[in-house]
Amino acid sequence: MPELPEVEVVRRGLERWVAHRTVADVEVLHPRAVRRHTAGGEDFAHRLKGRRVGVPSRRGKYLWLPLETTDTAVLAHLGMSGQLLVQPHDCADERHLRIRVRFADALGTELRFVDQRTFGGLSLHDTTPDGLPDVIAHIARDPLDPLFDDAAFHEALRRKRTTVKRALLDQSLISGVGNIYADEALWRARIHYERPTAGFTRPRTAELLGHVRDVMNAALAVGGTSFDSLYVNVNGESGYFDRSLDAYGREGLPCRRCATPMRRRPWMNRSSYFCPKCQRAPRVTV
């Protein structure tokens, strides 16, 4: 599932190719693609027609297109395989094309939502005074947000009394960090994923946040992480941060710091990758 860097890459592409364009027509080709829009596909298409798209926004892994002069926005759920592509009008339809948005201009391109597994979709929502779709107003700011409060995060982290990887994936504490980048940041910080958060000092929290930001910015610089053809940017191009991963997916390979074989452990229906030497497991107290 796309994490913050991948979603931000898509957002930047939409800002370049879709922002400030007026919708001429919307074609909903599969009902599941608008299942979160409870009024249905016809209502979704009708309410978008004639509206001007504002600058795309993002919080964590959530992406939306505000509609200018309204208090509404189109929220994009990419799911496991959703893609927002900007394609020429005459480009052949993708096999799993679900929604087509045509624009009232002569640029010759349209926005397409393509989704092989149909877990994703588009939906229209009212926005809060801060401009967020109301259904995601509870989501915490992400670490690349200029208004992210490091001190408040530290206090919340200690109060949560959980383990550090669970905290990094908790959208009420910090948004946008998924399994891949949590493992990468923890490896860089030399912290075991099961370390309790109650004992974190301010300097340790600051160091961890620094690594989270560094790994996300590094991924952004190369278009994100793509393990298959399902994650692409708006031009259909894959990212290649997977070539630079230090922890995730490297079970049995030597740690890039100490050469100890990396390990993988099942974790919350996912996997955690770590170095048993650099990232010592916390002591178990009885």
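Each residue, glycine too, has its Cβ placed from N, Cα and C.
Swiss-Prot lists zinc finger at one of the ranges 36-70, 246-280, namely 246-280. Residues His96, Lys160 are given by Swiss-Prot as DNA binders; from Arg102, Arg117, Arg141, that same site also lists Arg117. Binding-site extent for DNA: residues His96, Arg117, Lys160, maximum pairwise Cα distance 42 Å (rounded to the nearest whole number).
Looking only at the active-site residues Pro2, Glu3, Lys61, Arg270, the one with its C-alpha closest to His96 (DNA binding site) is Pro2. The closest partner of Arg117 (DNA binding site) among the active-site residues, by CA position, is Pro2; the full candidate set was Pro2, Glu3, Lys61, Arg270.
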